[in-house]
Amino acid sequence: MRILGIDPGSRKCGYAIISHTSNKLSLITAGFINITTTRLQEQILDLIEALDCLLDRYEVHEVAIEDIFFAYNPKSVIKLAQFRGALSLKILERIGNFSEYTPLQVKKALTGNGKAAKEQVAFMVKRLLNITSEIKPLDISDAIAVAITHAQRLKLH
């Protein structure tokens, strides 16, 4: 089973596709979608086109998205919510459903501590998937962590 994990952001959207077979996890691909245009409509279109390319290239069975975190800048939250809405609609069209996890749930699933630092999550991602190279930026390790969290939840059910 292939799981797409997404860490949406207003400038970078981290993504990762992992394989979950026979209690074994392996990384298929990971990266980020760089949002460089300035107009909101173009940003949303670029994001959705990149997601379409990922879904066309890889046979994805499940999708997990990190939920919006609290932010002090209301404009950032609104923009992020618009991106998540566009992503959600595209995923519903292509896959049929998705799961959502809060940052606290992801951190707790990977480190056992819901208040863990991003670096601790990245360390556990590397350890669980036997990755020796550095994972940068942290949006990528966050997306991998979201996918791993979903794999763990599927295993429990």
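Note: Cβ is positioned from N, Cα and C throughout, glycine not excepted.
As recorded in Swiss-Prot, the features of this protein are as follows:
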ACT_SITE  Asp7  active site
ACT_SITE  Glu66  active site
ACT_SITE  Asp139  active site
BINDING   Asp7, Asp139  Mg(2+) 1 binding site
BINDING   Glu66  Mg(2+) 2 binding site
If I take the alpha carbons of Asp7 (active site) and Glu66 (active site), what is the distance between them in whole Å? 5
Are there residues of the same chain, six or more positions away from Glu66 (active site), whose CB falls under 8 angstroms from its CB, and which are they? Gly5, Ile6, Asp7, Pro8, Glu100, Tyr101, Thr102, Pro103, Val106, Asp142, Ala143, Val146
Indicate whether Asp139 (active site) is helix, strand or coil by DSSP. helix
Only counting partners 6 or more residues apart, tell me which same-chain residues put their Cβ under 8 Å from the Cβ of Asp139 (active site). Asp7, Gly9, Lys12, Cys13, Gly14, Phe32
Applying a 10 Å Cβ distance cut-off over all chains shown, what neighbour count does Asp7 (active site) have? 25
